[in-house]
Amino acid sequence: MMQASQARLQRPIFYLTALAALYFLFNAITQYAASPTADLDQAEQLILSQTWQLGYNAQPPLYTYITKLFFYITQSSLISLYLIKVIILTCFVLSLLKITQALNGSKTQIVIVFYSIALIPQFIWESQRDLTHSVLASLMAALTLLITVKLKEKQTWTLYSLLGVVSACGLLSKYNYIIFLAALFITALISNPYRKIIFNKFILISIVLFLVLLTPHIYWIVNHLDIALESTEKLRTGLQSPLQGIAKMLTASLAFLSPLVLIMWLIIKPSLKKWQEFNSTQQFFITLSIFILITMLIFIFITHTTQIKDRWFQPILFFFILIPALFYNKPYFLRYYIGSGMLIALLVSLILPGRTLLANYTNHASRPNMPYPKLLSQIQQNIPEANTILAETQLIAGNSRPIFSNAQIFLPKYQLSITPVLGKALIICETENCHNTNFQSWLTTRFKLDSTTLTYRKFSQPYYYYNKASLNLYVAVVNLTSSESSLAPAK
């Protein structure tokens, strides 16, 4: 009976997933049509995916691995990055729908979950705009929860193997995934229907696979602690009270959930009951929420974190998307709830390209308005056959990759295991004549090059759809004559 009920949901799940894929693809196309400029996170992936490394920076490497594999099939381009995002977001939606199905949800609950995604800005807006690691970690967290729910019904070595692999991939996507994993483990441990998952011999398979897949990156972390811990340092603002971190956590979590929670209470109005009156699924998610909070508090007290942003909660609180479907009791208000989700999704589709196209009217330019590809193409046409690019900023470096497709791209921010190609190299800066002390120091230390003695050419292009500003880049040409230690200005 249960299997028959779940089978009936296959068709609506298929249609909703296809609708999500078309929606994300449409938004990717309109954003690219509005601007071919790679934003910060996109530029980062274009830079890092030049090489294979056990680690790259303060973020885990899995997204970069996926990007590099995808570039083998396509090419290093912004279009490819958009396609990766479309696939990840579509799989995330499918995972949430499959979780609802595995929890014996109805068709109505499936639909509620689908439209609840639109009520969390981090997923419907930020994830389509520029995020990378958080989006992938959210998918891995959703898959972890899906496997856990399935393990409650059937404990097979295949599911335990998947649990180990997906858990490792979650941590290789973003480090804060460990908070969700720890809270999920404790919740399963104290919840009767899920406790048997922990006390099963097959759990050893999960543990072994988890450790085996993480070991190479752990080895890298041990040898690059200064880089790996950089993200933790960013979360601190000196020796401040943990109470400030707690306040920031509560503010960020409310910002993350506020549209969903507000609309849910105004329209669906889930009923408050005594603990005994909640079913086992509702009790499980309430318990999971409590242990997420406890784990976060422990993290804040240990690290003295005070700088927590709402996007940080994506792989931690994603399961709140399921809450309206699991707790609703006002089905006759359902059309208003769905209407709210549809309206927000429509507005996002308009605003994503609109923020670029309407910059002149809003008097506000964003990074997609900056004409890096057009300007770098102009440079490439005037100074062709460059083998190496030494870029001052992340946006210059990332947007150079598709233009100078055969060149090695270097940036002070990242330590990549690539070497400059002998021959013509370009130094490209936004600061006039590269008068950036840190960049000049990097050029001297890394390449033994005195950038103050070079001659620079200025290239300029007006912003896309914004006639009140222009982007200027300053370019110098050098010849790499032997190893990194021997460079000379080009004649």
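Here the Cβ of each residue, glycine as well, is placed from N, Cα and C on the backbone.
Curation does not apply to TrEMBL; its annotations are automatic.
Under the heading transmembrane segment, TrEMBL lists 12-34 (among others).
Per TrEMBL, domain 'Glycosyltransferase RgtA/B/C/D-like' is recorded for 59-220.
If you look at the transmembrane segment (69-97), the same-chain residues 6 or more away from its ends with a CB under 8 A from one of its CBs are 13, 16-17, 20-21, 24-25, 28-29, 31-32, 36-38, 42, 45-46, 49, 110, 113-114, 117, 123, 127-128, 132, 135-136, 138-139, 142-143, 145-146, 318, 321-322, 401-402, 405. The annotation transmembrane segment is assigned in TrEMBL to 69-97 (among others).
The transmembrane segment annotation in TrEMBL covers 109-125 (among others).
Sequence-distant contacts of the transmembrane segment (131-149) (same chain, six or more residues past either end, CB-CB distance under 8 Å): 41-42, 44-45, 59-60, 62-63, 66, 85, 88-89, 91-92, 95-96, 98-99, 102-103, 122-123, 159, 162-163, 166-167, 169-170, 173-174, 176-177, 180-181, 184, 188, 194, 197, 311-312, 314-316, 318-319. The transmembrane segment annotation in TrEMBL covers 131-149 (among others).
The feature transmembrane segment is assigned by TrEMBL to 161-190 (among others). Packing against the transmembrane segment (161-190) from elsewhere in the chain are residues 59-63, 133-134, 136-137, 139-141, 143-145, 147-148, 151, 197-198, 205-210, 212-214, 217, 231, 284, 287-288, 291-292, 294-296, 299, 312, 315-316: each is 6 or more residues past its ends and has a CB under 8 Å from a CB in it.
Only residues 6 or more beyond the boundaries of the transmembrane segment (202-222), in the same chain, are considered here, and those with a CB under 8 A from a CB of the stretch are 53-55, 60-61, 155-157, 160-161, 163-165, 167-169, 171-172, 228. Annotated transmembrane segment per TrEMBL: 202-222 (among others), in sequence order.
Using a Cβ-Cβ cut-off under 8 Å and counting only residues 6 or more beyond its ends in the same chain, the transmembrane segment (243-268) has close neighbours at 112, 116, 119-122, 296-297, 300, 304-314, 317, 320-321, 323-324, 327-330, 333-334, 336-337, 340, 344. Annotated transmembrane segment per TrEMBL: 243-268 (among others), in sequence order.
Within the same chain, residues 103, 179-180, 182-184, 186-187, 190-194, 242, 245-246, 249, 316-317, 319-320, 322-323, 326-327 sit at least 6 positions outside the transmembrane segment (280-300) and bring their C-beta atoms closer than 8 Å to a C-beta of that stretch. Annotated transmembrane segment per TrEMBL: 280-300 (among others), in sequence order.
Look at TrEMBL and you will find 312-328 (among others) tagged as transmembrane segment.
For the transmembrane segment (334-352), the list of distant contacts is 23, 26-27, 30-31, 108, 111-112, 114-119, 124-125, 128-129, 259, 263-264, 267-268, 324, 328: same-chain residues at least six beyond its ends, Cβ to Cβ under 8 Å. Taken from TrEMBL, the feature transmembrane segment covers 334-352 (among others).
Outside the transmembrane segment (12-34), and at least 6 residues removed from its termini, the chain residues within Cβ reach (under 8 Å) are 78-79, 82-83, 85-86, 89-90, 93-94, 97-98, 101, 107, 110-111, 114, 128-129, 345, 348-349, 352-353, 356-357, 368, 464-465. Taken together, the residues in the domain 'Glycosyltransferase RgtA/B/C/D-like' (59-220) have a mean pLDDT of 96 on the 0 to 100 scale.
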